[in-house]
There are 2 protein chains.
Amino acid sequence: MEFSLIDRIRDLTAQHRDDVRLGIGDDAALLTVPPGQELAVAIDTMVEGVHFPVGTPAADIGWKALAVNLSDLAAMGATPAWALLALTLPNADEAFVDGFAKGFAQLAQTYRLALIGGDTTRGTLTISVAVHGFVPPGKALTRAGAQVGDAVLVTGALGDAAGGLQCVQQKNHRDDTQTHHLIERLNRPTPRVAAGLALRGRASACIDVSDGLLADLGHICTASHVGAEIDAALLPRSSALLDLFDEATSRDFALSGGDDYELCFTVPVQQVAVVQADLAKLGCGATRIGCIVEGEGVTVRDCEGHRLSGRQGWDHFSA
Amino acid sequence: MEFSLIDRIRDLTAQHRDDVRLGIGDDAALLTVPPGQELAVAIDTMVEGVHFPVGTPAADIGWKALAVNLSDLAAMGATPAWALLALTLPNADEAFVDGFAKGFAQLAQTYRLALIGGDTTRGTLTISVAVHGFVPPGKALTRAGAQVGDAVLVTGALGDAAGGLQCVQQKNHRDDTQTHHLIERLNRPTPRVAAGLALRGRASACIDVSDGLLADLGHICTASHVGAEIDAALLPRSSALLDLFDEATSRDFALSGGDDYELCFTVPVQQVAVVQADLAKLGCGATRIGCIVEGEGVTVRDCEGHRLSGRQGWDHFSA
């Protein structure tokens, strides 16, 4: 069964690349990294009921399993190339595998990403994807370069996925455009790959917002040995989120909700305008939400400058 | 919790390599493939109760999760370099993580393999490991090159892991040297990395025996468009297996038992002696068990030349 499932996924995700010398079907894939490029590699796992709600459509699961990994490459400023898939599912459900593969392939094709290996096993629905991308030596974005005085920006909007999760968990949730938008943001996150590439050589530090802004910006602070101050009034929120939730809730979602997969990054202040113009051209835009300061940790202030106590991001072992 | 678990594993498996520019701790690792080398990449998943018995010691699980992947690199003739770990476990059990990391590290250190990335999530105990190795262009061993007339060989002994599984599943199994040997072979398989390297430029096809000899040699036949004939009397079996099980059972284990992680490979007949001498020096040895023929599929004959009906190897979805 292992072989036919992976073959089915391979067929649905077929993508020819010259750097894949031998793809799925042997004990390992054989690959060529382009001369003068470093390899960026990440792995992420999604478990049903923990990282996505029971009942999520198979195609959305396939999309998201790849999206969360591409988001890691985006945060490094790397160009996606190859993926490995480890798919554990309760039984050999052909309809599920087909749906999963279609969602996975839809996103993979956007980036001409090739599925180069996989393993299917029986167990609780669990998906691990490892992705590989290329980046010129020394050009990768890391969490470690934020400097005191840098501006802090985020792409897109924050809190949508947390709002979408709340909608999904309400049995009789509303069936309107705003609700659909939030659920789409939860189930089909857009990895900010083009934004990550545009930030090469400009952002001093970068991370993707997977566990929530406070937690992830906190990682930049730790790695860079700095602190950050965020102005809650500046948090970019979609009109759908603001329509469906009150101010305090939408702010909490924007600060602490996970799963948005926007990029949070720092740039020298004199670069803010040009970076914002470039990211606006890419469709996601970027909003300045605060600055890097001496010290440690993330401080959030409201519009009157009062310090709000920060909530933590998602922790899958304490959630 | 994710970060502390992976940090703990990183600390226990610390391995400096110049080709790791940035290891665990950012959104992705940054790596350099040595000039003039291809990258070999594989991923395998183990699920508790499916790929290893409930109650297997944590250190054995850590060892085996890496071993089954290194076995894939061995089957390609690749030199191990890096691994990614996706560890899903029911709760943040520090003792389990420590034991797991120690078993993983013990095998990793043998090969100076660096853990470059990971993800820990909550769920049913499930471990996916992805490994990366190097191989000179065109030198990798594949399943596709077996020629009619080639000899079929296997390293080491077959059937031990299936025998060990049967022992473990008997509540009051014997507590003697033979039983310990078989359980050790089940829980701590030895990837035949050095053998795979020695077979570069010599073996016409190679695979590791993970699903059982019949199934895996069958994959060589399919990929090479040939058939194979195996002499059941020639199957290498350990004295432990022969002591604890009758002839028919040990033969079944050798033909169809999975999890041995020996290499099955084909070589031109004039190369058999020199290959056997080289693999004997490496400690595992190699036994000639049959030959490649025209046609398709694997035929097994007993010592009088009668055709035995072949049993299939493990299929985790029908097992």
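In case you wondered, yes, glycine gets a Cβ from its N, Cα and C as well.
Automated prediction, rather than curation, is the source of TrEMBL annotations.
Listed by TrEMBL as binding Mg(2+) 3 are A:D27, A:D72; the candidate from A:D208, A:D211, A:D216 that the record includes in that site is A:D208. Straight-line distance linking the Cα atoms of A:D259 (substrate binding site) and A:D27 (Mg(2+) 4 binding site), rounded to a whole number, equals 34 Å.
Here the Cα atom of A:H51 (substrate binding site) is found 21 Å from that of A:G118 (ATP binding site). The binding residues for ATP are recorded as A:G118, A:D119, A:R143, A:S210; their greatest pairwise CA distance is 32 Å. Spacing of A:D119 (Mg(2+) 1 binding site) relative to A:D72 (Mg(2+) 4 binding site) is 22 Å (Cα to Cα, whole number). Cα of A:D208 (Mg(2+) 3 binding site) to Cα of A:G118 (ATP binding site): a span of 25 Å. Across the range of the domain 'PurM-like N-terminal' (A:25-135), the DSSP-based residue counts are 36 helix, 46 strand, 29 coil.
A distance of 22 Å separates the Cα atom of A:D27 (Mg(2+) 4 binding site) from that of A:D44 (Mg(2+) 2 binding site).
With respect to A:G118 (ATP binding site), the closest of these binding-site residues in Cα terms is A:D44, chosen from A:D44, A:D72, A:D211. Residue density at A:D72 (Mg(2+) 4 binding site): 27 other Cβ atoms are found within 10 A of its Cβ, drawing on all protein chains shown.
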